[in-house]
Structures are given as structure tokens and as C-alpha cells.
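First up is the structure itself, then whatever we jot down about it.
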Amino acid sequence: MTTTPPNAATPGTDDNQLIAERREKLAALRAQAQATGRAAFPNDFKPGDHAVDLHRLHEGKSAEELEALAIPARIAGRMMLKRVMGKACFATLQDGSGRIQLYITSDAVGPEALAAFKHWDLGDILGAEGTLFKTRTGELSLKVGTIRLLTKSLRPLPDKFHGMADQELKYRQREVDLIMDEASRERFRARSKAVSSIRQFMVEHGFLEVETPMLHPIPGGANAKPFVTHHNALDQQMFLRIAPELYLKRLVVGGFERVFEINRNFRNEGVSVRHNPEFTMMEFYAAYWTHHDLMDFTEQILRHAARKAVGTAQLAYGGQAVDLESPFARLSVRDSLIAHAGLSAAEAADTTVLRAKLEAHGEKAPAHWSLAELQFGLFEAAVEEKLWQPTFIVDYPVEVSPLARASDADPTITERFELFITGREFGNGFSELNDPEDQAARFAAQASNKDAGDEEAMYFDTDYIRALEHGLPPTGGCGIGIDRLMMLLTDSPNIRDVILFPALRREG
């Protein structure tokens, strides 16, 4: 009995040699197909069953019941394992739902078909039809009556015992990662469930899903460095969007009182375990909501997504518990310094102390920074990474919140929040600034910063100011990082683990 075909990929084997051998087999298949009038890559096989359903429906039946019922099944998938034993062979077929074992004998399929099967390779895609039975070890299997090669695989799969050890290779050849690793497939299924559940949740709460431009004449909606391109027909510079915010708020001006969009944003910045230049965000806006309403709703969204994707809102990330079930904590920037940075109330209000604390963390605060900016700077340096359980941080300074409404009680801070979990930002929202003159002044300040060399500062968006002049109702808006949420829900340490095809340096 052989369990590994002569041309299966094993450590130390030359892949080029294996590919050459498989190409020879394909050439023979083409010649045979031409001689018989058949297709080398046929597309007329229609599977009627899936592995997971066959197991679910028939796993509990005894061998005797299966023999008496003679249940037919027709399945297609990729051959992952193969055992050749003279006039009989076993193979494991993997389809989109799972795996099932095939039993192929000369008596059932004929000597010619069995001989052909023995030359097929791991990774080939097969179609098989037969009846279900159980082996002597009790494994549900398909006793094959007919079997066909549907797609010849030219590249060998990684060795089943070693898999894809190179993590970057998994990102670069995601299709192979998905073939070999059930955990990877489950991770992306969970992502799909979560995104679908969020979309359904938004619609059920009266939000209209919309699509706004990906190419912007002016980048806006966030402080970030954009990707730049050129529109040939219009002969003008364009930017891949860094955020959809300004377009979505223009829709609220137009009368769509609740809107949301789940789509890609692009930021020409660094790559890390938490950052990918192309990433998925959901932004939503609701007329007559405040930042308090947004926080309540954001909690509900995350809780709902967790339950739908993984069955619970009590999670574990990196071996530590994360509780999305309980109410999320809420702290001002100032109070977070008292709770997590060891400052007293007096110290948190003392600019000299704050500057000294920042220097102790290796940060030199600019001379013009206000009290609120110093508090925020120290928050980023000393507090952010300590916020493991879900925590909303509120009362951000105006200087770092150019689109947020200022607080009526203290105009130096805004009605803005950010949500932190596991020491990372997951969401950002605020009561929207709907005073067109105030917004124009803030855009002007941002434009001055850009002229002074700040590449991430915002442009002055005349179209948006004109829209505001028609009147934006009191509105709340929030953005949630879908990729980081998926990292949390699937306990993934790297953002590239939850993006099917992450950004990588070009090979060669």
C-alpha cells in the first residue's frame, strides 16, 4: 500500500520536477481528449451533495442501515489524500464544506478508470458518484461507481504534515492557505458572517446602505496621507479615498437621515500588525443623534456581530478575556490619565506636569500645545495600550477633531469618542459639526498646517462647505474598523490574517 504518490510534494523535493511531471500528464490528457472528442477540462459534472450535509444526515446511521438504504451521492472536490492498495484505492475529497472519503475499486469503476485514478495527483479536482457506506473503522465513505478528473492540478500542494510554515507565503498565496488550513477557512467564514450580520443589523434599524466615490478630487474625512493617481479623461489629479465621511454627510443634508457604507479606504502609510494600506471600514450617520446615542448603538453593533460570527460576546484574545457582553466603560481623556497613568486630578490639569510626563515617555510636546492637547498626547503615550476591556474615551481636544462638534460646556473639547479594545482603536465617532462657518475656519486651519508641511492635514473642501450651507441637521456619525474587529472576533494577532489578500512587497 502507498499513501503518498510519487509526485507528491515532500520536504526536499524539487517542485519544478513535480510540475514538469504533471505537465506531461496533462499533455497526455489533452491528447486523449482530442482523440476521443472529450474536453481535457470538462465542465459538465454537476455535484448534487456536499460533504458536510452527507455527514450531518447520515453519520448516525449504522453500516447495516446504509447498506440497506443504498443512499446515492454525487460530489466534487479536491483530492487531499490518496491510498493505493492494488485493486482498491481510498481518497479524501475536500469540497467547500468539508471532507469525505472515497472508496474506489476495480470491480465498481472498471480496470481502466482505476488505472487512470492511480495516475491522478493530490490537488486534482474530481467528480465522483456512488453510494454511502461505512468502513470497518466506522468512517462514512462513498463507494464510488463512477469517477472523473475535472481539473488537473499542475502545482503540488504543500506536504500535509508540514503545511505552509512560511507566514508570508500564506498571505501571498492565500488560495493555497485556504486549501490546506481549515482554521483559515473558518476565519474568513466568520468574517463573512460578521459583516453580513452588521449589514442586516443596520438595515433593521432604519439605515440606508449607500455607495460613495472611491476616487476623490480632494481627500477628506480623516487626517491621513492619500494615494494619488491621475484621471486621464478629466486630466486631473485624483485621490483614493481615505474616508467616505464628507460624502455621507452630504447625503444626510439631502434628506437621507440614516445612512451607512461598508467599503474600502486607502491610506498611503505604514504597514504593521494593525495597519494595512487598504482596509475595510463601516461608517454610519444618523440625524438627531448625539455622540451618546452613537456609543450606545456601537456597543450593540459589536455585541451583535460577535454573537452572529462566533456564537458569543464573551471572547478571548491572545489568551486574555474580552467582555463585549457587559456595558462598555466610558472615560474622558482627563479621567483616563487619573485611572491609568497614575496622575492626580490636579496633575492631570497641570501643563507643566503633563509636559514632564510626556518627556518621560520620550515625547517632546510642541510649545503651542493646549492643556487638552497635552492630555491627549499623554493619553496616547501612556494609556491607550492599557485599555484591554471595551472603553469609550471621550472629550477629545478640538485641535485633533476638525470635523467634530465642540462641547457647549467647554469649547476646547469636542463631543467625540474613540472605542478601544485590547489596547487598540476600534471606532471613532462624534456629534457632527454642522456650523458651516466654524467648519470653514477649521478647514482653513488644516490647510495652513498642510502648507506648513503636514502631509496628513485636511484640504479645504469647498463642495462640503457649500453642502453645509444648505443645512445639516444635528447628526451623529461613527466609523468602525472592520478588519480590527475581525482580528478580535477570530483571535488573530495580525491584521493580514483577516484580509484575504493583504498588501505585500512585490516579489523579485
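Residue positions begin at 1 at the first shown residue.
Just so you know, glycine gets a Cβ as well, placed from its N, Cα and C.
From a predicted model like this one, the values you see are computed outputs, not experimental measurements.
The Mg(2+) 1 binding site annotation in Swiss-Prot covers E418, E425. In the three-state DSSP assignment, the secondary structure recorded for E425 (Mg(2+) 1 binding site) is strand.
According to Swiss-Prot, the Mg(2+) 2 binding site annotation covers E425. Long-range C-beta contacts of E425 (Mg(2+) 1 binding site), restricted to its own chain and to partners at least six residues apart, with a cutoff below 8 Å, comprise E384, E418, L419, G481, R484.
Every protein chain shown contributes to the tally, and the Cβ of E418 (Mg(2+) 1 binding site) ends up with 21 other Cβ atoms within 10 Å.
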